[in-house]
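*Asks:* Annotation comment: TrEMBL describes 80-113, 114-147, 148-181, 182-215, 216-249 as repeat 'TPR'. What TrEMBL lists as domain 'Methyltransferase' is 418-493.
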Amino acid sequence: MLSDAAAVEMQIRDWLVQATAFHKAALLTEAAELYERILAADPGHAAALHLLGALRHVQGRFDEASRLLEAAAAAAPGNASVHHALGAALRGAGRMDEALAAYDQAIALRPDLAEAHNHRAVALQQLGRLEAAIDGYQAAIVLQPNYAEAHNNLGTALRRAKRPDEARVAYRAALTLRPGYADALANLGKLEAEAGERLAAIEAYQRLIDLHGPDVDVLQALGDLLVVLDRDEEALGYYAAALELRPRDVGLLDRLGVALLSLNRRAEALGILHTAVGIDPRHAPAQLHYGIALEKAGQVEEAMAAQRTAIALDPALPLARFSLGVLCLAVGRSDEAHALFADWCRDQPDHPVARHMLAAVSGVDVPDRCSADYIVDTFDAFAKTFDQQLERLEYRAPQLIGRLLQAHARTDDQGLAVVDLGCGTGLCAEAVRAFCGTLVGVDLVSEMLERARRRALYSELVRADLVDFLTGRPAAFDLAVAADSLIYFGDLAPPLAATAVALRDGARFAFSLEAGADGGTDYMLAPSGRYQHTEAYVRSCLAAAGFGLVDWWREPLRTEGGRPVVGHIVLAEKTSR
């Protein structure tokens, strides 16, 4: 007959076998009850402490898990797996230094324990110690080359360390080892998106959905990528699919509304954005875009109210301040616009758009040209809808420049080296392509250049300031064009002199400007934020830069507020000196 102690020991063994079976079957409640029964009978039972601690960790009960695993480590100090599990629990509890110490102890006991090296590196990464984390992941991979999780984690550390090419190799290694690995596919998609490799990102995310089913975050990421590629119609489907899974997600509704606006489906956009702000009136971007939709629907007062709400919710939202100020100017409320831009400058004194627009409406501290920061901030925000907005304004400058060049075409005006200054999205390329042997586009705004690239009409696209670019390319071009680029310069002497440097003798320069009042100051910064120049001033600057006049047209460039904006369309020729 068994002694009482032997009977208890046998009972504990039976409970442990049954508990571990429950544990493996993910019957955690049943497993925990048996582990606790064991510990009631034997409070220092190392295996039960270890396994119950691991179970509580899985349940997210990190403090309890840490307490149990600390007791397990005390009961079995030579067990590397216990110290490894303790490190994970302590990391979950936010006790990072203690977690590292536990991982170190596990590695000291078993230097070949790849999982401990990997999880120690995760802790280091959470602490921002990326290089040490990278070393740890690499150590785990040396010990266990087929360790897909370590390759994936290494990729993430490398991505955060701004080493995208190495990160890509690591993610692909993880996917080779474990095809369809969801985390690695998601991380590869994120990496490719960050690297600007949008088609590769779409491929990774689409594969993730194909293999693992729809996921809201992945569907949203796909929609966002397609929007950047101007494939808004396709993006709608992904946003709609995400909303089926999360129908009251205001961020998704906002994205869907913006995509509909980009497609000029204004009534649908207005309805979606109305729903969004109804669900969460405190969502500032949704209020901003609702205001834009209301403005497009002609509901000016309601649009202004929505923009004011957006500003109140997020004073740092620059597009709301800019949109409201411009809307005030459009309806003749210049005093209100002045106050808005003044408030913006007070709140964000270094914001380039705020400073520029306040100068434009006040006439105080007017700069000689728009700052590069102003150009980038303004046109980055509008690059996606730039062509649509200009079409709505009946914008004609590129076509007028093309007609002027055709009217004065010389017999040898073919196969020319042409530079498009401030090329934007490439609207001028079609107008001048008949003259081009090569066509170089120059602009400060990356998003504009990306859209110009899609036209496949440019030999080269360069992100640069016009003056800096031109002075660095002496006698390189036969023709320069600038459709509404010089309107962001007040003082024309620097850009005209730089253009003369870049042109060969006898080369031509065709450009547009907004016309200032005859007899007024040489140039002025209009409330629109663009400069207007008098004819006399432009003629004087051309002569000073060494240009002779070929022709001069005075034509409407666009329509704003129902009125034509009259401009100068000029063709000049560089004279020999």
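Glycine too: its Cβ is placed from the backbone N, Cα and C atoms.
Heads up, TrEMBL stuff is auto-annotated, nobody curated it.
Any idea what these are sitting next to in the structure?
*Replies:* Sequence-distant neighbours of the repeat 'TPR' (80-113) (same chain, 6+ residues past either end, Cβ-Cβ under 8 Å): 46, 50, 53-54, 56-57, 60, 62-63, 65-66, 69-70, 72-73, 119-120, 122-124, 126-127, 143.
Looking just at the repeat 'TPR' (114-147), the mean pLDDT is 97.
When Cβ-Cβ distances below 8 Å are used as the criterion, the repeat 'TPR' (148-181) is approached by residues 114, 117-118, 121-122, 125, 130-131, 133-134, 137-138, 140-141, 187-188, 190-192, 194-195, 207, 211-212 of the same chain, each at least six residues removed from its ends.
Through the fold, the repeat 'TPR' (182-215) approaches residues 148, 151-152, 155-156, 159, 164, 167-168, 171-172, 174-175, 221-222, 225-226, 228-229, 241-242, 245 of its own chain, all at least 6 residues removed from its boundaries and within a Cβ separation under 8 Å.
Long-range Cβ contacts of the repeat 'TPR' (216-249) within its own chain (Cβ-Cβ under 8 Å, at least 6 residues beyond either end) map to 186, 189-190, 193, 198-199, 201-202, 205-206, 208-209, 255-256, 258-260, 262-263, 279, 384, 451, 454.
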*Asks:* Which residue counts does DSSP yield for the repeat 'TPR' (114-147) in the helix, strand and coil classes, in that order?
*Replies:* 27 helix, 0 strand, 7 coil
